[in-house]
Amino acid sequence: MYQGHMQLVNEQQESRPLLSPSIDDFLCETKSEAIAKPVTSNTAVLTTGLDLLDLSEPVSQPQTKAKKSEPSSKSSSLKKKADGSDLISADAEQRAQALRGPETSSLDLDIQTQLEKWDDVKFHGDRTSKGHLMAERKSCSSRTGSKELLWSAEHRSQPELSTGKSALNSESASELELVAPAQARLTKEHRWGSALLSRNHSLEEEFERAKAAVESDTEFWDKMQAEWEEMARRNWISENQEAQNQVTVSASEKGYYFHTENPFKDWPGAFEEGLKRLKEGDLPVTILFMEAAILQDPGDAEAWQFLGITQAENENEQAAIVALQRCLELQPNNLKALMALAVSYTNTSHQQDACEALKNWIKQNPKYKYLVKNKKGSPGLTRRMSKSPVDSSVLEGVKELYLEAAHQNGDMIDPDLQTGLGVLFHLSGEFNRAIDAFNAALTVRPEDYSLWNRLGATLANGDRSEEAVEAYTRALEIQPGFIRSRYNLGISCINLGAYREAVSNFLTALSLQRKSRNQQQVPHPAISGNIWAALRIALSLMDQPELFQAANLGDLDVLLRAFNLDP
């Protein structure tokens with residue numbers, strides 16, 4: 001169990017390569033040796049037993065016996081009376097079973113292969129004395145629509161033929177008695193099948209007629225198009241005619257959910273107060289002040305920038321992406337927002353978009369934009385929010401731009417350029433080179449806690465969890481309220497088997513989020529679901545069912561008391 005969970009968390013950090021591993025990715029990953037827990041909305045990660053369910057359909061026993069009898073019948077001649085009877089009985093049973101129940105395609109193909117071996121084999125009996133019997137057998141075969149496993153005279157010796165004729169002559173009545181019930185059942189199944197096919201055919205015809213009628217109604221579609229265009233035009237006019245003091249909402253802003261009961265929405269100097277709280281490490285309150293600043297001035301690109309960066313540090317990546325996108329709509333050359341957006345895209349596995357943001361960073365940078373102009377015919381990136389793996393040629397093209405820019409700088413180190421290089425090496429899985437790039441940036445900015453966190457995440461993804469703990473610890477020394485780094489530290493503790501320390505870090509992060517919001521008397525505190533999910537995993541590894549139940553219920557006070565932490 002220990003090994004399974006260790007591999008689980010390692011896979012998670014690889015799937016979220018830069019700032020932090022998303023708990024959602026390894027909520028779907030399970031191991032067979034884990035202990036099954038009660039199924040709730042919050043414990044999907046622990047219900048591991050369901051992943052091992054074999055959904056393949058078993059082969060029915062009668063068909064298995066029938067299939068086994070076929071090869072043996074091929075090798076033996078019709079020497080005894082019972083042989084002929086058994087052959088027909090098994091064949092009739094096989095055909096009836098094939099029509100009665102649904103089987104897998106592989107099973108159907110397997111039976112078809114056995115029958116096709118004898119497709120060209122015919123039984124030519126004595127047409128004078130036994131003609132009526134052969135006519136009856138051929139009639140039965142044609143009515144049922146299946147192939148009889150009959151033996152060719154060319155494949156048997158003369159004594160065998162005489163013996164076979166004698167057996168068929170004496171047992172003709174029993175053969176027909178056995179074939180008749182099977183024939184009746186097969187005929188009934190054919191009627192049902194024909195009725196079903198006829199019904200499906202009529203439904204298909206009805207659907208095609210309805211589809212053709214709708215497609216041919218061009219007047220209807222032209223009217224719908226005209227109404228849609230008119231509605232869009234009216235909305236555009238009404239938005240432009242709004243009063244100047246009213247807050248307009250763009251498409252990006254609609255994707256961002258502001259706190260409805262923000263006590264600072266009318267606070268004078270909300271942006272400056274937000275910067276002050278950010279330096280103090282009070283991330284939840286910083287977010288409230290930045291939202292207030294934006295509500296007062298929706299066109300404040302810098303407020304959107306800091307809102308996005310703070311949301312990322314507060315372990316809320318989706319809100320960060322929306323805020324940073326809005327910032328870049330207002331200010332396309334905002335280099336800090338572009339780099340932060342590239343990091344957030346990387347964390348959410350949007351590799352194509354991360355490459356595009358990094359390329360735009362070069363294009364918008366006055367020091368390096370000439371490099372893009374010199375690269376004629378470089379592949380463009382037009383896909384938005386795509387989680388498919390980045391094209392290797394595109395990634396190599398952007399990486400080449402950054403390496404060329406670094407070469408142009410000579411001995412001078414540009415920390416922002418090195419940060420971009422670190423992200424690119426991360427995307428390509430070159431963790432050691434990414435570590436070198438982040439270390440180079442830290443030589444210029446040793447007090448940049450976000451760089452220390454990125455270095456820690458890179459070390460962790462490079463299977464160097466002990467060094468990652470040191471990097472995360474350094475980031476928290478500089479910024480104690482850095483919730484994302486606290487979360488990452490907990491993940492690395494799980495990797496190292498230090499489950500109690502992991503729980504302590506997760507609880508500290510949750511407590512920081514709640515404490516900050518409670519001090520401002522803001523209802524419904526926003527606490528990261530990722531942290532709660534990681535906490536449940538750590539508690540399950542500690543084999544603490546009572547505490548695990550408290551985590552399921554979101555009872556933070558019980559958990560804090562259990563681990564002797566201040567509420």
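Cβ coordinates come from backbone N, Cα and C, glycine included.
Of the listed residues (SER170, SER202, SER465), Swiss-Prot tags SER202 with phosphoserine; the rest carry no such note in the record, though that does not show they lack it. According to Swiss-Prot, of the candidate residues SER238, SER250, SER386, the site noted as phosphoserine is SER386. When the residues SER378, SER388 are compared with Swiss-Prot, the one annotated as phosphoserine is SER388. Checked against Swiss-Prot, the residues SER146, SER157, SER166, SER392 yield a single entry marked phosphoserine: SER146.
Here the repeat 'TPR 4' (415-448) does not touch the repeat 'TPR 6' (484-516). Their Cβ atoms form fewer than 3 pairs under 8 Å, with each pair 6 or more residues apart. Secondary structure of the repeat 'TPR 2' (301-334), assigned with DSSP and counted as helix (H, G, I), strand (E, B) and coil, comes to 27 helix, 0 strand, 7 coil. In the repeat 'TPR 6' (484-516), the DSSP tally of helix, strand and coil residues is 30 helix, 0 strand, 3 coil.
Looking only at the repeat 'TPR 6' (484-516), the predicted model's pLDDT averages out at 93.
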